[in-house]
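**Student:** Dropping the structure in here first, questions after.
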Amino acid sequence: MTTGTGAATAAARAPGAGTPTTSHWGAFGVRREPDGTVTAVPHPADPSPSPLLRGVPGALRHGTRIRRPAARRGWLEHGPGPSERRGAEPFVELDWDEALDLAAAELARVRADFGNTAVFGGSYGWASAGRFHHAQSQLHRFLAQFGGYTGSRNSYSLGTSLVLLPHLVGDAESVLRSSSTWPTITGHTELVLAFGGIPAKNVHVTPGGVTRHGTPGHLAALAAAGARVALVSPLRDDLPDGVTADWYPIRPATDTALMLALAHTLVEEGLYDREFVARYCAGADVLLRYLRGSDDGTPKDARWAAALTGIPAGRIRDLARQAAARRTLVTVTWSLQRIQHGEQPVWAALALAALLGQIGLPGGGFGHGYGSMGDVGDTGPQLRLPYLPQGPNPVEEFIPCARIADLLLHPGREYDYDGTRRRYPDIRLVHWAGGNPFHHHQDLGRLRRAFARPDTVLVHETHWTATARHADLVFPATTSLERDDIGGGRRDTHLIAMHRAVEPVGEARDDHTILAGLAERLGFGEAFTEGRDARQWLEHLYTRWADELAADGVGKPPAFADFWAAGEWELPEQPAQRTLFADFRADPLGAPLATPSGRIELASEAIAALGLPDCPGHPAWLEPDEWPGAPAAERLPLLLIANQPATRLHSQLDTGAPSLDAKVAGREAVQLHPADAAARSIRDGDLVRIFNDRGACLAGAVLTDRVRPGVLRLPTGAWFDPVPGHEPPLCAHGNPNVLTADVPSSRLSQGCTGQHALVEAELWTGAPPPPVTVRQPPAFAPDPRLHRNAPVPDDGALAGGARTAAAGSGAELPGGARTDTGADRPDAGRAASVTGTDGVTGTDGRTAARVRRHERKATS
């Protein structure tokens, strides 16, 4: 057991190693160069440093960094209210006091007029690997103390599986966080059925950071051990070339059909493990009836699946026989559940693994997420880490996170979620910190319409992303290199002291300082900070964690001062061998699963009882609206795969060198098969317009036979750059989410379905293409209020420590004429939150007079 710092720590602090820090793509040192630039130096203990480190210097001081607080001109001039001008207007830079006063006044007005449920603070995103300066945690703590907020649940990455898996195996964490470790796999597995592959590009990223990227080495060890991988994917690059593989170039969205046919072959040829199914599974009779077509007249055999998947029936039957004859791991990437009916491939894969009878055996069974994230299958310790307490949220309202556009567009509408009937609240204010929904959400044209509906959008951002450009009030936030923090991932081997490496850009502040300023103005500053500054918080959180670890007998971390001086602490080791569901297999009665039956649910009576047509009570083939066999494919014959990028983390580092180097014609690169290119007169390097009914984008063509014919690969993360005057939107930069559909996976999970979209592509001809503008800051304008001659009212009273409307704001509250009911008010039928010519009037009759800027300081 390691109880102190070792050789790796000494190396990390050696001359030239740089100031220690960590990120979601790995631990590194920041070395300041004589010319003022920085270099990211990989951690000496990392055997496979991420290539994303090369993107850090370019992003740090990029011209799109937000330097001062800023407000949308129309919001300042006309006051809070719905506006279709978000994302299309210049900004006015403000000083910090005024910006905080304006934000505090608006938060208080919305709370007073509409209640805390009218504030959306889900604020989903990957801003920082730090344990204290974690933007979402800071915001949730602030809003909870403010009186609560409407939040969000689950994730875009795993929204479907997080709801489904508890029905099948009792909880999701057992599958997602306790997966069989790579040493167990490399030591025992003979065949991997890799649905979605094991993409090497994704394993560079782990939430909270990673000091040692182990998956590339584990994949090499798997190949050296002689294991074979059946790569089931339309993309050959979904598995590194060094791994011995047979490629099954499946038609996108048909994995479930292939899994069912493999299961049918096992059953009909007597190859499935009857004893395992009888002892460890429930619902087998329902599944077998479906596989045999007893009720619908359609056996789910290899011939049936061949017509859907494009994989010959003989190859399907042979693969089933191989799986039954070898120690076989059935694994499914997270991408497979990010489609319509995404529950089905996960459920079918689990059922296939159960029929093989190897669940709970070393090297066999089921896995979900190998190649989706760097820590899946990792051997690092799974310990509690320091964290910032958020406190309970007094508001019980929440949404599944991928339903943000539905929430904003359809207040009051009912929807199903995991067996419950819920209703969307009416959101008047969106507060977002550390995330970019205009990257990770689907149908960005629809999201723009949704973001036009609230009265106010507040955003904390480091760069002028599309989300910042669609805000009313923007706070410039520091990056992780511009503040002190503590970093560590779920299975990281080290806890990292993240020393501030550079001074903040412009007037940027960290999220804690921003929110502490708001809390002070709203009357709960002391409760929010607990009398500590950021550095004192770090020591407090670390010391509390170290004491808990020592009390549990896990290890004794050094004192905070010693940890900070060393730059890291190597966490106590844990056993490298782990097999998912081993305890359940060894004793199914003594260690039952937390399902109704205590066993693996091959069919679920609970799900069946819901009567959902898009998620029946057993794994099934359900045709999605958009797949190569859909009627719409006659008009839109190409299937777009919008997967994770290799050159950045989501939209982070899009201004860094790896991302910029991979652009083609200044746009995101789209891969297409040479046959599809030839049919459209497209050559390598050409500018291509990709389109469907939801929108269009421009991308640079890269021809390759490593994608299946009929498939385009356009990764996510290029900053959204809508060309003015185009409706539906045209993105000049190549963001695929202008093309993807904003529909849920099912009424059970309401998960994200952004992986696929039917499209067509054509060579861009004629007029010069629109330029990419998103790599420059937005336009700025003079303050429209400077020429007003409005009277200055007396200070208003603050009720309960919070400002009602703008009373005592110390800044000129956005106000003025606001009687329009046309284009700038997309929801004219909704009760107006602000009206009038001289002030801002809430629906309850309160009036917030405009107060001239800098006239007086706010009181609380």
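Each Cβ is built from the backbone N, Cα and C atoms, and glycine gets one as well.
Whatever TrEMBL says is automated annotation, not expert-curated.
OK, TrEMBL features for this one:
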| type | residues | note |
| --- | --- | --- |
| COMPBIAS | 1-22 | compositional bias 'Low complexity' |
| REGION | 1-58 | region 'Disordered' |
| DOMAIN | 21-61 | domain 'Molybdopterin oxidoreductase N-terminal' |
| DOMAIN | 65-521 | domain 'Molybdopterin oxidoreductase' |
| DOMAIN | 638-752 | domain 'Molybdopterin dinucleotide-binding' |
| REGION | 768-860 | region 'Disordered' |
| COMPBIAS | 796-811 | compositional bias 'Low complexity' |
| COMPBIAS | 834-848 | compositional bias 'Low complexity' |
| COMPBIAS | 849-860 | compositional bias 'Basic residues' |
**Student:** Helix, strand, coil: count each for the residues of the domain 'Molybdopterin dinucleotide-binding' (638-752), based on DSSP.
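**Tutor:** Split into helix, strand and coil, the domain 'Molybdopterin dinucleotide-binding' (638-752) gives 14 helix, 34 strand, 67 coil.
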**Student:** Can you name the far-off residues of the same chain, 6+ from the ends of the domain 'Molybdopterin oxidoreductase N-terminal' (21-61), with a Cβ under 8 Å from a Cβ of it?
**Tutor:** 8, 11-12, 14, 126, 129, 204-217, 463, 479-481, 487-488, 493-494, 496, 498-499, 501-502, 505, 568, 647-649, 652-660
**Student:** What is the number of residues in the domain 'Molybdopterin oxidoreductase N-terminal' (21-61) that are helix, strand and coil, as DSSP sees it?
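**Tutor:** In the domain 'Molybdopterin oxidoreductase N-terminal' (21-61), the DSSP-based counts are 10 helix, 15 strand, 16 coil.
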**Student:** Take the domain 'Molybdopterin oxidoreductase N-terminal' (21-61) and average the pLDDT across it for me.
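**Tutor:** Average per-residue pLDDT within the domain 'Molybdopterin oxidoreductase N-terminal' (21-61): 94.
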